[in-house]
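> Before we start, here is the structure in question, set down as structure tokens.
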Amino acid sequence: MAGGGPPKADEPAPHPPKDQLPKVSYCITSPPPWLQSAFMAVQLVLHLTCSSLLMVTYAILDCVLCNLSGTFGVILAILLGFQHYLVMLGTTVIIPSVLVPQMGGGNEEKAKVIQTLLFVAGLNTLLQTWFGTRLPVVIGGSYTFVAPTISIILSGRWDDPDPVSVRFLDSVSVRFKKVMRATQGALIVASTIQIVLGFSGLWRNVARFLSPLSSVPLVALAGFGLYEFGFPGVAKCVEIGLPMLIVIVVFSQYLVHFVKPGKDILDRFAVLFSVVIVWIYAHLLTVGGAYNGKSPKTQTSCRTDRAGLIDAAPWIRVPYPFQWGAPSFDAGEAFAMMMAAFVALVESTGGFIAAARYASATATPPSILSRGVGWQGIAILLSGVFGTGNGSSVSIENAGLLALTRVGSRRVVQISAGFMIFFSVLGKFGAVFASIPAPIVAALYCLFFAYVGAVGVSFLQFCNLNSFRTKFILGFSIFLGFSIPQYFNEYTAIQGFGPVHTSGRWFNDIINVPFSSEAFVAGILAYFLDNTLHRDHEVRKDRGKHWWDKFRSYKTDMRSEEFYSLPFKLNKYFPSV
């Protein structure tokens, strides 16, 4: 028979399941060789001081290309870290740009909030990579917290400030500071849910029942569920967004096959090349008058000089705790924010799993996931203390960048955290990069969210796809994971409020926020069905649970200790159980 039949019983599968993702250039534990890197850095400095621009360019490329297999130099690590910084800037700028004007702040307040969000993101990323899961994840702002924050803004108790507050708040918007302080109080209280669930080990007990099958909808929709931030954002200025989308795909997927020498440069630095090219193109359109006379909405999306951040940002400013004043507390707002924190917890669990896969680590043990959730609670606490106006969670776009570069090194992400802190203090310089037009960022999201969604689907390699039980759980949870949030979001867009609409905004958010999250709905449904539908030894294999059992603790797999053990010999005080 033409085409050949199925493989014989004794033949190995053509693509057997892999505990660790292959073909990753640098895995989670691959650090740069700092002595060799320092030598190359000295060479670069000599070129910079006595060479022409051409020789400088050659020196940089030479430093990158001369890295031997299994190592990469400090220049490579710094540039890869800078890419992570650029990618996380999108969410860091978009959220304050939406919230600060509604709070009553102007460009100056927006610039300070962005600086604070960057500073706290840098701190939280370092804490998570040192003491949390130790995965190469960026802990940044989260869209999940936007809805309860808007409810605080619309609560109606900020319009008539008392004279005493006006005297102490000086020239800064009174309404902005009062709203920010209320948001701080809600975030501080909300952080306790993740801190308790994480550090008490309760989330470990929940994660023990996760299987590859129930992880598929959770991780897949953690990426695919963010589709509304992809091409709709590109289309806001299609003459910039669409070229960016084409250029990033060409650089990362096509040119690497045609340009043999230096193909690793094109592959790993596709984001840098693409952003620079399209940003220059967008600036030429701006100075050439292409948007003169256009609507304010078009000019805001397309022009490179409309962010208002460069003029408003201070040259040097160090964010500090309670910079907006003492936080205020409201029980209803705190409960609503706690629900948002729980939703972010579930979404971040999917982000952790995706990052572990792209970093070529083994499946994350439940105790490590729980530890990471606890430190993410600390991240939300710091967000409340410093006053970012938003909570913290795993940056899904940065998890996608791990896939694009095939570099899952923890050290690279820690370097990116250094960039976050550095540019948050030097406000003017950070504002330059924060002024990248939003359609450029949206084009990057199209790639990164797709990568995260794809890694979720890849866990099907551990499952039996010929099982009707598997098909039901997958199809039902993924379909409702898209359908239920679509209903809630569509209802809100038309009516101006969610399907649950009572006099208590906090109660509305407790119901509306979780059902508006695709990853949350799909993940909870798949988890419930996978653990309640008929289970026996055969079903255990169908759901792929036997593949992950050996990674429950360090005792059953030594590779887990290599990837997830704490520094400074802290494992004896905080063991993996």
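Glycine is no exception: its Cβ is also placed from the backbone N, Cα and C atoms.
Worth saying up front: this structure is predicted, and the values here are computed from it rather than measured.
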> When you get a sec, could you say which of 179-203, 329-353 is annotated transmembrane segment by TrEMBL?
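In TrEMBL, the transmembrane segment feature sits at 179-203.
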> Does the transmembrane segment (440-460) reach the transmembrane segment (137-158), going by 3 or more CB pairs under 8 Å (6 or more apart in sequence)?
no
> Under a Cβ pair cut-off of under 8 Å, which of the recorded stretches 179-203, 412-434, 472-489 contacts the transmembrane segment (73-101) most often?
412-434
> Restricting to CB pairs under 8 Å, which listed stretch, 137-158, 241-259, 271-291, 412-434, 472-489, is in contact most with the transmembrane segment (179-203)?
137-158
> Sequence-remote contacts (6 or more beyond its ends) of the transmembrane segment (137-158), Cβ cut-off under 8 Å?
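Non-local partners: 84, 88, 91-92, 95, 98-99, 102-104, 117, 121, 124-125, 127-129, 175, 178-179, 182-183, 186-187, 229, 333, 336-337, 339-341, 343-344, 347, 351-352, 355, 376, 379, 388-395, 398-399, 413, 416-417, 505-506, 508-509, 512-513, 516-517.
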